[in-house]
């Protein structure tokens, strides 16, 4: 029953609808169409516009989406303010990188999570690098 109805629409009603459309033979003929003729063309033009958009949509640039407006999503949320204090004299290695994107799984030390964060959001955050001068 459903397929018979669809078949009838495609084989009978669609060709009849297309035959009744006021399609001009030249581009200049569109300027001569009346308002009622434009209204009869509207459904077809809408479907053609939708099909055109769906065709080019995969090639349009993707917008980067920021997931949250908060910067710190999970680190020390029970504290009113997150503060980490490290004495420079206590550094064991020459260079240490500290996280500034709040995404590091080894916070406060940077694990390069900012690279994914920057790619997703278009941000440009990077680590704080402390260098120990060797005297």
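Every residue gets a Cβ built from N, Cα and C, even glycine.
TrEMBL: automatically predicted annotations, no manual curation.
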Examine the ranges 38-56, 57-75 and name the one recorded by TrEMBL as transmembrane segment. 38-56
List the helix, strand and coil residue totals of the domain 'Iron-binding zinc finger CDGSH type' (81-120) as derived from DSSP. 10 helix, 5 strand, 25 coil
